2 protein chains.
Amino acid sequence: MISIQSSTSKPFSPDSVQNGSELTLSGSVYRIRDMGSFAFIILRTARHLVQCVFDPLKCDFELSSIQENSTVRVTGIVKLDARAENGFELHINYITVLSTPYAQMPICINKKGLNISLETNLENRPYVLRNHRQRAVFKLQEGIVSGFRNHMLANGFTEIHSPKIVKTGAEGGANIFKMDYFGNKAYLAQSPQFYKQTMVGVFDRVFEIAPVYRAEKHNTSRHLNEYISLDFEMAYINDMYDVMAMETSMLRAVMNELETNYSPELKLLNVDLPKIDVIPALTFMEAKSILKESGHKIKNFYDFEPDEELAISEYIKKEYNSEFVFITHFPSSKRPFYAMDDKEEPDYALSFDLFFRGLEITTGGQRIHRYEEQVQKMKDKDLDPDEFESYLMIHKYGMPPHGGLGIGLERLLMKLLNQQNVREASLFPRDLSRLAP
Amino acid sequence: MISIQSSTSKPFSPDSVQNGSELTLSGSVYRIRDMGSFAFIILRTARHLVQCVFDPLKCDFELSSIQENSTVRVTGIVKLDARAENGFELHINYITVLSTPYAQMPICINKKGLNISLETNLENRPYVLRNHRQRAVFKLQEGIVSGFRNHMLANGFTEIHSPKIVKTGAEGGANIFKMDYFGNKAYLAQSPQFYKQTMVGVFDRVFEIAPVYRAEKHNTSRHLNEYISLDFEMAYINDMYDVMAMETSMLRAVMNELETNYSPELKLLNVDLPKIDVIPALTFMEAKSILKESGHKIKNFYDFEPDEELAISEYIKKEYNSEFVFITHFPSSKRPFYAMDDKEEPDYALSFDLFFRGLEITTGGQRIHRYEEQVQKMKDKDLDPDEFESYLMIHKYGMPPHGGLGIGLERLLMKLLNQQNVREASLFPRDLSRLAP
């Protein structure tokens, strides 16, 4: 028998290096630049590229014994140098090779620009992600998630985990994945809607960060069949504007988190973070009027077409200098059965979208909390309340006024980086034709 | 057009109340105790039960206008009182009723003990979870997740999100859910194994908190068909003991998080947190010898039966005063194809389990990082390397030595609370016969 102690291994941070001190780093040999009398060995560590200097007079090994994509442990002396990427160079004393690649990569990944198609990128994702700019995208994804979560926790929201194999779809429509569950028909959750409302009855405020599934049968640049939804739901609201205010402060917290803790990646990818002060809100009808006045021909009277989302966003950017805009009061007929209708204008739901740089990234609103109102709305939409027995328990036995929203993580990241295709913002995207890697 | 400001609503904390000050709280009326000349109205807020005092001489409404399970906004004056549950009472000035229940709950949930079967509990979960002790279970679940995540982030691990609809199962065996994916056969991920190894090649250290799926065809008290897996994977390890050390320090961080930030729930549920100093580790053969010496008849030579996990845990508790024990060097034939074998004794894998209070909660180990070794191991296990083309890219183009593990969140929570059935530790459990709620 032996005893396992706590781990003492700590990650490396370039901020803590001291001039003249010895430093040992592990990493992958990203690039070797032979300068003749010496060489640069660029080490790819967990987060940073570190410039190591090989001087044959000071090392008892040959440069040729080191190859790109080997993993190594390097020991050397720190020399602070403001010109170097992280403010220092490591002058190598010795290197231990830990592993060597079996083959050369078909795609050269140690350059700034990859010059490959998205298709090729996705096919070769397992190693293309090792490119320092590619991986920075997903470090920023982590930052968005951290910013979201920290804001929720600080505001008294409880984190929940709800099942993704479900008996009933929450969002309706045909875009739901079916599966066999021990002889019963089951679905993959389109959203955690029922569960987060249920948990609002328990904890007042809840959030969840988890995959959701949409069996979209078309390949577009803005749809994924599996994506990460950032959901929150909050009780004791006065109206849906409380939900929108919470999203506004959350988005500010996210941008602040990125600015504070992710500056290497923001710099590397040249990211222009949106400034968020207040966010303008238009009603659906106001937005359609603006479109019409600007000469746009309205074809869809219940929702917005992609070009309309773009046009509205451009208008708001120009007139109000905001890269975000809320649209409220959507036609009730196209919003889900759990959306509360406006008591004064029942054809419109107390429901909203948020557009960011021309793309819808959020749908949310106030939910029905009264039992009879929810049962009636189901009937009005030709749904059978008996199918929703356990969901309706929450209304039957008392629910506070509440509302919430869902944000598509990959869409938010995509627009933040001004990417052209949402697949770029997903580690391993799932679409009509893509199940691997 | 209107402008949406940031949210200013902050959650209530009992620590910040001041004697004699006015306080407004939102919540659900949990219990009314009519004492004749006055009444206690117990308010269920997001996290705390608050004792409110109704004095008919000071309020301009009748007690009969308030009913249990209504949601209300209460304004009153704080009176500090060490005997009260949160150290204060709220002497009511007025109450606004926000919603009233449609019906009375069939199960009385505002008592300490529920006195219902697990079956009844699960059927009525949407409102049974409103019981203050039931919900405390899931507040502690949040605490475990927070402790895990904070430890990972502080140690340079990057959070990732990998797809759950996959082309190939990672863990083998028959317990995998199948589904149709636009005419192709797909599966629900049994673990994020391939993806976390892939991302170790990108970020060196990664973790993921996400659902995984096991089509277990038996109903036991320790299996769920969908559960939350806490996964981490780390590069540049010397051996699997580095992974075990990281788990040891992570578990200490989790217990510390619970102790620091979840004391109301620990107290409410009378939780006895395990003390973690070092964790003993036995080899598989050592463990089997101990079982044999204590008169146990060994029937399974490749793994442990539930009664063996219990017997080993009891032995370690008695001899070494540890509620955790690692078992290392499992027979290679029963461990997955990505497990690295012990070079000196190739019949055993560099693979481990962690038992906690008699139950396996973790499987982990060192993984194969060399391409030829991984291809050979696949062939030895009658697997076709061509089926794993994108996974093998990571080995082919260079991988650091690495290892990792997965922890069943519900199992850890279950044993922490000394629950008898893992379903109690899942908000909405999925089992052979349960798809709803």
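Positions of Cβ are set from backbone N, Cα and C atoms, glycine also.
Per TrEMBL, the feature domain 'Aminoacyl-transfer RNA synthetases class-II family profile' maps to B:138-437. The L-aspartate binding site annotation in TrEMBL covers B:E171, B:R214, B:T363, B:R367. Summarising the annotation, TrEMBL assigns region 'Aspartate' to B:193-196. According to TrEMBL, the ATP binding site annotation covers B:R214, B:A215, B:E216, B:R222, B:H223, B:L224, B:E360, B:G408, B:L409, B:E410, B:R411.
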Within-chain partners of the region 'Aspartate' (B:193-196) [C-beta distance under 8 Å, separation at least 6 from its ends]: 160, 162-163, 166, 168, 170-171, 206-208, 231-233, 336, 338, 391, 404
Same-chain residues at least 6 apart in sequence whose Cβ lies under 8 Å from B:L409 (ATP binding site): B:Q141, B:I144, B:V145, B:I209, B:Y227, B:I228, B:S229, B:L230, B:A425
Count of other CB atoms lying within 10 Å of the CB belonging to B:T363 (L-aspartate binding site): 19
For the domain 'Aminoacyl-transfer RNA synthetases class-II family profile' (B:138-437), the mean pLDDT of the predicted model: 97
Listed binding-site residues (B:R214, B:H223, B:R367, B:R411), ranked by Cβ neighbours within 10 Å, top entry: B:R367
Rounded Cα-Cα span from B:H223 (ATP binding site) to B:T363 (L-aspartate binding site), Å: 15
Spatial neighbours of B:H223 (ATP binding site), counting only the binding-site residues B:E171, B:R214, B:R367 and Cα distances within 10 Å: B:R214
The region 'Aspartate' (B:193-196): DSSP-derived helix, strand, coil residue counts: 4 helix, 0 strand, 0 coil
Secondary structure of B:R411 (ATP binding site) (DSSP, helix/strand/coil): helix
Cβ contacts of B:E171 (L-aspartate binding site) (under 8 Å, same chain, 6 or more positions away): B:Q190, B:S191, B:Q193, B:P336
